[in-house]
Structures are given as structure tokens and as C-alpha cells.
Amino acid sequence: MAATNKIDGLVDGTNEKQKGPDLPTELRDELEKLEQQFYVDRKKLKQISERFQQELEEGLQDHGKNIAMYVTWVLGFPTGKEKGDFLTLDLGGTNLRVCWINLRGNEHEIGIKQQSYKMPDSIKTGDASSLWSFIASSLQTFISDHSLNGAFSNPLNLGFTFSYPAIQDYIDQGILQTWTKGFDIKGVEGEDVASQLRSAISDLNLPVSLVAVVNDTTGAMIASSYHDPKTIIGAIFGTGCNAAYMDKISNIPKINSSDEIKKLDPETPMAINCEYGAFDNARNVLPLTKYDEQIDATSPRPGEQAFEKTSAGLYLGEIFRLIILDLHSRNIIFKDQDISKLQSPYTIDTSLLSNIEDDDTPDLSDSGNEFKATFNITMTQPELQFTRALAKLIAVRGARLCATGIAAICRHQKISSGHVAADGSVANKHPKFKKRWGRALGEILDWSEADREENDESGEGDESQKGPIVLTSAEDGSGVGAAVIAAMTLERWGKGQKAGIKGSGRE
Ligand code: BGC
């Protein structure tokens, strides 16, 4: 008998039960059990999002709360007229990207030169000095390869995208609170990453001056708003997950007594880096499975980033792998096959999940070939069907959960329309993410079908672009965004508006 999987109909918002894959009883029963654990219905989404809003608001109220809500000292959106030449650095998961960006005061004319430097894996779990010397020497290579020394302003102004939770008492400072996304570098937590980078730069005598430390979410929001005034939020759905938005200083009670803040009008807008990957670290509302618990327990920082571990790209493939290992150990899947290649943690990339879901060969032969080539596993037809349904379950849960955080920000800010500028591998590379995310957002915010149809941004019935709030592809946050933020900071400094700028070396 063919199984009917709830997931097939519900995810696409049709609320129809569609025919699921035709599976033998054993696999079908397992799939149904997994569906029960992974499918997050509308009621639960709303409950999660309500709690999310409370945690966001607690973070604005007091320091040291679970969702940190860091002030970033990015005071308002750019005008689009920002000018200047900037170096930018982006410390990503696998690469370090260095850019030379020329802002010409016209959002349509931006010059970019860029280079990525492969970061040795050992750095991620090494020590601070290896990290900073790798960064400084990459910067040195870039400056020399592009003949930047002496040719432009001296020193060269730098915007540093550092996408980890960091307290910023000033825009040119960032005290790392905890590593996330599998990083575990000794000697950086509790320290100011800006001064560590400055000292590595000075060890090499580089003509570089660090102007701003920028979170990737803030960078995405600012780079996108430089072109698109409808931008309301910058969000990353990638290796990690997080968002930034603009709030008024008077809405951030925890900073009232800060001397730097007292220099500003309470109506001044301030970009907030939410750091909401930590949502529900107390584990009250998230629908966590035993696989989520396993990921947490074996991560470098158990108990942290509870929300991120259910929905971000780094973890989706790992959840899939743990389920497969569990089923194999119970002799339900890949019977009598050597699955040793699946034994190492984090060997499954999110792209494999999206490839399986996207496979339109009639017998899923592309997926079969990929599994054979990567893991030396020969899959039966039912196993292929099952893994496809599993990949979908995990990706759908991730996309739906990702909507709860953005809905919470929108409700907190009473935002009813606009663009959420999104970046990251899941948003960009998972073909169905945007549509699923948009549907879930509408379920939480109670959009009617008419709300969705009347606001079809694509004008062509593209499901991912329907609704008053839609995901757009963010502009280059860690390049252009960091450069625009550095330009805004220098402009303020030049006008003597120095609130939240330490200005080391500029006095
Ligand atoms: C970090 C955030 C970052 C997000 C997306 C999280 O793990 O804590 O700072 O914005 O990943 O890269």
C-alpha cells in the first residue's frame, strides 16, 4: 500500500494530503514516526514565534539575556551616496575573503576586486596567534597583489566582517562572547577581536586602519538597503543563522545609562545584531528530537545555539546523517552495506539534501549515483524514495523554524511589509527554501490568500515572492556592506559625531 505523507501536501501550503513514496512497511513506518517528530504545524510555529518575541524583547531590556540583541553603532540606513575606497575582510567558515571596494557615491557604480584565501582546517580549532597571523598575511598578499600600498589613502581603511557573537561598546571593537558554527580557537573568547587583528596588522607593518567590526547580518541589511529602500531586515540562513534590524535607541532600555549613548538623540536608529541562533537555549519550546540532542552534545559548545542547531546549514546534513546511522544500526536501511564513509561527523553537506530533493530523474538515478560516488553505498529504489522524503522533512522543518525569528522581529517592530535581505548557503542554494519560508511566515502572521496574491513581487506567480514581507537576495554584505558601514563611520567621525567610535589611531 502506498503511504500518505502529511509532509508532501502541507509543506507547499496546499494542506492537501498527497500520495507519498511507495515504501515497504518498515521504511514507511519509520518515515511516519519521523514526520511526527519533524513536522512543525501552524499552532506550534505561532507558539515558538511568540516566545521568540519575548526573548528578543528581554534582550533589549537587559544585558546578559539569552538572545543578546547587540547594539552595533550603525546609526541608520545609508543614503546611497557614501563614498570612498575600502578594504574589507570576511572571516567565513572555510575561506577568508578580502575585497577592495570603491564606493562612488552612486549605488549603481561600485568597483570590487576580491580574493578568497583557503583557511587551513587546523586554524578553526587552533589558537589566536595562528588565526590572526593567517588573516594579516592574507591581507598583506592582497595589498601587494593589487598594488594598493601607497596608491590610495594611507592608511587603507578596513571594514572587518566578523560573524560571531561579539559585544560592541564601540563600532571598532568586538569582544567575542563565544565561538559558534564549529569554531573553537583558543585565546579569542572574552577578548577584543579588533585589537587582536590590529596587533597582527602592526606586526607586519601593514598600512591598514580598522574602522568597523561588522556582523554579517548587519552587513547584509546595509548593503541591501544601499540599493533597496524597502529593506527592513538583514538575515543569514547559511552555516549559521541570525538577523539584524533597525530599532530606535529609546526602544533599547539596557543602554540608557551608557555615556556613549547619552551623546545621541533617543530617536536615533541603531542596527541591532540579534544573535538569535541562541533562541530557546533553555529548551522550552523548540521541538527537539533525539538527533538534535546528539548534535548538541557532541558540538564544541553544548547547550549553546539551540535554535541555530535545528535550522542552519551546518547542521541539516548532520541531522540527516545521524538519522541514517540510526536506521542502519537497526538494520532498516542500507542493509548489509559498508557505511563506513558515513561515519565521520559533518560529512554530508546541505547541498546533498537539496540535490536529492531536486532530482528529477524518474528513478532518482542522479541521487543514487551521488551516494555511490560519495559514500560507496548502492541504494534500492525504496531507499532512494525514503532518503528523498527525509531530506525534505529536515529542510522543511529548518525553513519553517527560520520564519519564526523573522516573524518575531516583524511583530516586535510592527512591520507589516518590506524586504528581508537574506544571504547564506541555505537561502541561496536550497531551491525551495524561500517558498517554504514565505508560506510559514504567512501562517504565523495570519496572511490570507488575498494578502499573498495582492503582493506578488515577481508579478509572475512566483510562490516565493508572494506576500507583504518577502525574502530578497541580499547584496554583498561582507564586502559592500562592510565598506558602506566603514564609510558611514568615517563620515560621522569627520563631522565630530563620535558616539560609539573609539577611533584608535585616528586621534
Ligand atoms: C553567529 C552570528 C552570525 C550567524 C550567521 C551565528 O553562528 O553567531 O554572528 O550572524 O552565525 O553567520
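Each Cβ is built from the backbone N, Cα and C atoms, and glycine gets one as well.
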Tell me which of 1-24, 25-48, 49-72, 169-192 corresponds to the region 'Disordered' entry in TrEMBL. 1-24
Where DSSP helix means H, G or I and strand means E or B, what are the helix, strand and coil counts for the compositional bias 'Acidic residues' (448-462)? 6 helix, 1 strand, 8 coil
The mean pLDDT across the domain 'Hexokinase C-terminal' (233-488) is 95
